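Here's what TrEMBL has on this protein:
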- G13, A14, G15, K16, G17, T18, R129, S175: ATP binding site (BINDING)
- 33-63: region 'NMPbind' (REGION)
- R39, E61, I62, V63, G88, F89, P90, R91, R136, R147: ribonucleoside 5'-phosphate binding site (BINDING)
- N95: CMP binding site (BINDING)
Amino acid sequence: MLPEVVFVLGAPGAGKGTQCSFISKEFGFVHLSAGDLLREERQRPGSEYGEMIEEKIRNGEIVPVEVTCSLLHKAMQKSGKTRFLIDGFPRNKDNLDGWERVMSDKAKLLFVLFFECPRDLCTERCLGRGAAGSGRSDDNLESLQKRFNTYLNATMPIIEHYEQTGLVRRVNAESAPEEVFKDVKKLFNELDRIDN
């Protein structure tokens with residue numbers, strides 16, 4: 001059986017990570033964050049990609065898709081599980097094409113979970129996270145502006161692409177995490193009804 005995947009997308013600070021941890025607890029999905037995998041790879045001693053990843057992340061740019069797909073695929077195999085949330089991926093057309101090229105026969109996409117949240121609220125959340133010591137080199141105003149531009153120019157077309165195939169599930173991410181999760185839960189409960 002192919003592993004089943006839900007892509008989780010939304011602006012920086014929309015609460016993707018928080019919701020993913022709720023979904024993992026409640027529904028047993030393994031949470032894979034493309035960003036975290038890249039950050040870990042960057043810190044892994046002797047990594048052939050480390051330096052390049054560091055440079056891309058600092059400049060708010062996107063890492064080559066083959067690297068990201070290979071890290072995601074490795075993490076899936078290592079987990080021994082069959083259901084995954086892939087957070088913050090695919091982030092642009094190149095990611096999407098790469099996934100379809102490299103992974104479409106290795107995983108089944110269930111749907112795309114898209115968190116909608118206004119930019120000013122997202123910015124506030126990221127800056128708050130940075131101030132609270134998130135340890136992320138990109139939780140500052142300058143990097144955030146770059147990340148938002150990347151998101152609007154590169155990620156939104158991905159949402160539009162999947163809308164055409166009927167795979168996007170939109171969730172309003174403005175309220176408190178527990179409130180947002182009530183809507184998320186309905187989507188995952190439906191999945192289990194379809195599966196059984």
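One-based numbering along the chain as shown.
Using N, Cα and C of the backbone, Cβ positions are placed for all residues, glycine too.
For the region 'NMPbind' (33-63), the model's pLDDT averages out at 88. In sequence order, F7, V65, L96, G98, W99, I158 are the residues near P90 (ribonucleoside 5'-phosphate binding site), counting only same-chain partners six or more apart with C-beta under 8 A.
When the CA atoms are compared, the binding-site residues lying within 10 A of G17 (ATP binding site) are G88, out of the candidates R39, I62, G88, N95, R136. Inclusion criterion for the binding-site residues R39, I62, G88, N95, R136: a C-alpha placed within 10 angstroms of the C-alpha of K16 (ATP binding site); this criterion is met by G88. Of all the Cβ atoms in the protein chains shown, 15 others lie within 10 Å of the Cβ of R136 (ribonucleoside 5'-phosphate binding site). A 10 Å radius around the C-alpha of the residue listed as 'CMP binding site' takes in these binding-site residues out of A14, I62, R129, in sequence order: I62.
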